[in-house]
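What TrEMBL says about this one:
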SIGNAL    1-23  signal peptide
DISULFID  CYS94-CYS99  disulfide bond
BINDING   ARG187, THR189, TRP200, SER252, HIS255, ARG287  FAD binding site
DISULFID  CYS394-CYS397  disulfide bond
ACT_SITE  CYS394  active site, nucleophile
ACT_SITE  CYS397  active site
Amino acid sequence: MGRGWGFLIGLLGAVWLLRSGHGEEQPPETAAQRCFCQVSGYLDDCTCDVETIDRFNNYRLFPRLQKLLESDYFRYYKVNLKRPCPFWNDISLCGRRDCAVKPCQSDEIPDGIKSASYKYSEEANNLIEECEQAERLGAVDESLSEETQKAVLQWTKHDDSSDNFCEADDIQSPEAEYVDLLLNPERYTGYKGPDAWKIWNVIYEENCFKPQTIKRPLNPLASGQGKSEENTFYSWLEGLCVEKRAFYRLISGLHASINVHLSARYLLQETWLEKKWGHNITEFQQRFDGILTEGEGPRRLKNLYFLYLIELRALSKVLPFFERPDFQLFTGNKIQDEENKMLLLEILHEIKSFPLHFDENSFFAGDKKEAHKLKEDFRLHFRNISRIMDCVGCFKCRLWGKLQTQGLGTALKILFSEKLIANMPESGPSYEFHLTRQEIVSLFNAFGRISTSVKELENFRNLLQNIH
């Protein structure tokens, strides 16, 4: 009997070893695992983890933020899409219908938005319109009130200050037009290939502090790249100071976020009657699958979360500006304006409560002279990227590229204006720190795009879960 039990136990043990070892094939990785293999846990240079961001964004922030962005104040954005490219002349404009942008007619714009570019309150309108008129004349007219003269000088100084990270459009130009962002959504337009690659290539190769000898992984305009080039690139990146490394990760995160939008709102089917837009999982895999992108896609998705943290931190820091009683989201509809300000403050207080904010104090914290030069380099490189947006051949891509770079530039301006924000008066004009309506609209819409990307990543995870 004892020998029989011993034989049976030995046989069962052998079977178990075979099943747990080479005797049984392991299930293949899912597409979700390949795309999101690195998109978990703590982020580099941060104390925050991906899972905390997912929960906070998808369930506490995203729904309210979308509601705010559908309001009149945030849906109308004034932009000049006809500015010439300052870097090269041979732009191939996209002739596809989906690349076009439909501007608003004058009677479609709420009067409160249309009558001036900077609207904080009805009482402030007259002062600001006087200021704009004086600026157009090129001098401070002595017939203006003393307060208005002071505002002209202060705001002119502000517009030329070293705190601006973007080269903004001249919204007084006859070529600047209002665009309804809800009617011109960011989605796949068919704009791709060498012309699109050229834009990103110039951004990465000439504006991300990278020497020409270091080859960027998966550069479609470079040939013969292998694993050694990838290793060299990331060794170089890790050797950079935290500020330059952050700059690259912000641009990479923005690039990844845009690719998520294009994959999530893809033209799946077109008939005479309608177009069907939706998630294109093949497109997403081509951009982010760990195998198809040789490990680069998941890294880019992680940089998207880094970008989210930077813009989230900026919104938490700028709360005092929006809390001032004089500030209004002014459109001329008093009831809606008050409701939207309440929603805005509710969102900003929610953001302030986020437990694991990015600590920007590590930026530019060394020798004062070196830190000042580094900050200036950082600012000039980003301003250059904002100018490159005028070289994009697809007008809808240009619109959203300009808006998102201006939004990120505004976030950086806020992060490096902490003392100016702290010293703002509780009421009346803020001369040292202020945001134009363009900056406000771009700031929140840009963050709305990043927030949407994080939400869409959850959707793609679910869609790819059972695909191998």
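Using N, Cα and C of the backbone, Cβ positions are placed for all residues, glycine too.
Not measured: the values here are computed from a predicted model.
The record assigns ARG187, THR189, TRP200, SER252, HIS255, ARG287 to the FAD site; their largest pairwise CA distance measures 21 Å. Applying an 8 A CB threshold to same-chain residues 6+ apart, the list for ARG287 (FAD binding site) reads ASN259, SER263, THR293, GLY297. Cβ neighbour count for ARG187 (FAD binding site) (all protein chains, 10 Å cutoff from its Cβ): 16. The Cβ of CYS397 (disulfide bond) lies under 8 Å from the Cβ of CYS94, CYS99, THR189, TYR191, ALA196, each of these being in the same chain and 6 or more residues away along the sequence.
By a simple count of nearby Cβ atoms, those within 10 Å, the most crowded of the binding-site residues THR189, SER252 is SER252.
A separation of roughly 16 Å, to the nearest angstrom, links the Cα atoms of HIS255 (FAD binding site) and CYS394 (disulfide bond). In this structure, CYS99 is the one among the disulfide-bonded residues CYS94, CYS99, CYS394 with the smallest number of other Cβ atoms inside 10 Å of its Cβ. Cβ neighbour count for TRP200 (FAD binding site) (all protein chains, 10 Å cutoff from its Cβ): 17.
Rounded to a whole value, the Cα-Cα separation of TRP200 (FAD binding site) and CYS394 (disulfide bond) is 14 Å. For the pair CYS394 (disulfide bond) and ARG187 (FAD binding site), the C-alpha distance works out to 12 angstrom. Counting every protein chain shown, 18 other Cβ atoms lie within 10 Å of the Cβ of HIS255 (FAD binding site).
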